[in-house]
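Student: So Swiss-Prot lists these for the protein:
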BINDING   Lys252, Asp257, Asp275, Glu336  Mn(2+) 2 binding site
BINDING   Asp257, Asp334, Glu336  Mn(2+) 1 binding site
ACT_SITE  Lys264  active site
ACT_SITE  Arg338  active site
Amino acid sequence: MNYGLTHTPSLTTSECLVLGVFSDLALPDFATAIDNEQQGLIKKLCQRVPEPGNTVWQTDVEGHSLLIIQCGKKEEFSANSLQKRVGEITEALIKQRFSSATVCLPRLNQESAEWQLEQMIVQIDNLRYQLLDFKTKHAKSHKLESVIFHLPGATEKSLEMAKAIVTGVEFCRDLANMPANICTPTYLGEQAISLSKQFDQISCQVIGPEEIKEMGMGALLAVAQGSDQPPRLIDIHYHGNKNSAPVILVGKGITFDSGGLSIKPANAMDEMKYDMSGAASVLGVIKACALLKLPINLIGIIASAENLISGSAVKSGDIVTTMSGQTVEIINTDAEGRLVLADALTYAERYNPDFVIDIATLTGAIIVALGNIATGYMTRDEQLAKSIECAANESQDKVWRMPLDEAYQDALESPLADMINAGFDRSAGSITAACFLSRFTEKYRWAHLDIAGTAWISGKKRNATGRPVPLLIQLLRHVANSR
């Protein structure tokens, strides 16, 4: 996909010129000039869009097309309005099978041109994204391949930043959408190594089962033991500032989750290929950071395995010893994500991080609580919470803070081990899962993102969303600016 900027939009810049106008129908100077050349055509078309979101087409204007969209009152044109208008424009361009367009929308009053450009590109890229498919016969596809923006105040630097973000999001989506017979733990490791070969600032180590065992990662090994696919611990570094403490992102990389012996229902089990979306987001963020050349140190740690059923699979009631030395009674084999994360979070201690954020499709309970709008997050660190909230607001990648009170820890008591891996009832499931993880994070500042509701869209049109890559990139940009 090609994105660009122009200071002099015209009908001939691309196949279609898109013009956003406010309800007063006042035209910017360039549009007035075009209107004069076309004997008042634009003003006539504007009369046909009386309500916000209304559109009108005019084809065959000097061999090109013109789309007018009404943006409402100037004083009411907000970030939400922008998102709606960009969505309507993108869907219209795709429906009309345009391969290129020049988009001229009004500036937001309260936001920078850089921010507005990023939001428009992220929105367009999200809607034009096409699933990787394995069909032997393909219908003729027609993709929107080029969008040029006229946005006073936007710079080439801001354009390159926006392109880096959507590249990271696309990489995340491509990985998450890959079928589980291809995207195995080994494949994830290969993708991480590939990043280290693409960028000089990235290095990578992929650790196999023998060394995982030597390090005492009994929880990760327990989850993996039911599958013929060996587990992988991926340790990938972006070296942007050798003098600063690293930020660590820990990703859950369960490339397929049957639930183990606590087997999931058949309905929608195919979507459990998305259980590695946390890992995919970590790799997407690292790729974007390399493109952005952020002056930070960033480490991605991914614990990857398959959770399957076999004669060697872990059983309900088994007790395992984690890398931290703490023991866990496995009450529910379908609460496997927190097990692999426990060892990965302990592994993170060796790097003396500034802070750690884990990203995981961890619980169905978070979907019940928040649906697919906001990512649930938990932390005891108020400064980190403020940073996450700020990044979420700026990136429009929504979050909602859930409690992490000490009283919830009681649900994890075991008569046989230091803890159980899941509560005996379903109450407060997302919170007790985070409480479990908190027991492995006492040596650093930590936050947990439960992306089970936001990482993918379910159903017939199932598709990875690429969230929370925009949120995390914005957070890391703040870290970079503070150093």
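Keep in mind that glycine also has a Cβ here, set from the backbone N, Cα and C atoms.
Help me picture where these features are in the structure shown.
Tutor: Less than 8 angstroms from the CB of Asp275 (Mn(2+) 2 binding site) sit Lys252, Ile254, Thr255, Phe256, Asp257, Asn307, Gly337, Thr361, each of them six or more residues away in the same chain.
In the three-state DSSP scheme, Asp334 (Mn(2+) 1 binding site) is classed as coil.
Under the DSSP three-state reduction, Lys264 (active site) is assigned to coil, being neither helix nor strand. Around the Cβ of Lys264 (active site), the same chain contributes Asp257, Ser258, Met272, Asp334, each under 8 angstroms and 6 or more positions distant in sequence.
For Arg338 (active site), the same-chain residues that are 6 or more apart in sequence and have a Cβ closer than 8 Å to its Cβ are Ala360, Leu362, Asn421, Ala422, Ala433, Phe436, Leu437.
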Student: Inside 8 A of the center formed by the CB atoms of Lys252, Asp257, Asp275, Glu336, which other residues of the chain have their CB, for the recorded Mn(2+) 2 site?
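Tutor: Once Lys252, Asp257, Asp275, Glu336 are set aside, the remaining close residues are Val223, Ile254, Met272, Met276, Asn307, Gly337, Val340, Ala360, Thr361.
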Student: If you draw a 10 Å sphere on the Cβ of Asp257 (Mn(2+) 2 binding site), how many other Cβ atoms land inside?
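Tutor: For Asp257 (Mn(2+) 2 binding site), the count of other Cβ atoms within 10 Å is 26.
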Student: Just jot down the residues in the same chain as Glu336 (Mn(2+) 2 binding site), at least 6 apart in sequence, with C-beta under 8 A of its C-beta; none if empty.
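Tutor: Correct list: Val223, Ile254, Asp257, Gly260, Ala305, Asn307.
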Student: If you count other Cβ atoms within 10 Å of each one's Cβ, which of the binding-site residues Lys252, Asp334 has the most?
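Tutor: It comes out as Lys252.
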Student: Same chain, not part of Asp257, Asp334, Glu336: whose C-beta falls within 8 angstroms of the C-beta centre of the Mn(2+) 1 site? Give them in sequence order.
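Tutor: Going along the sequence, the neighbours come out as Val223, Ile254, Ser258, Gly259, Gly260, Ser262, Lys264, Asp275, Asn307, Thr333, Ala335, Gly337.
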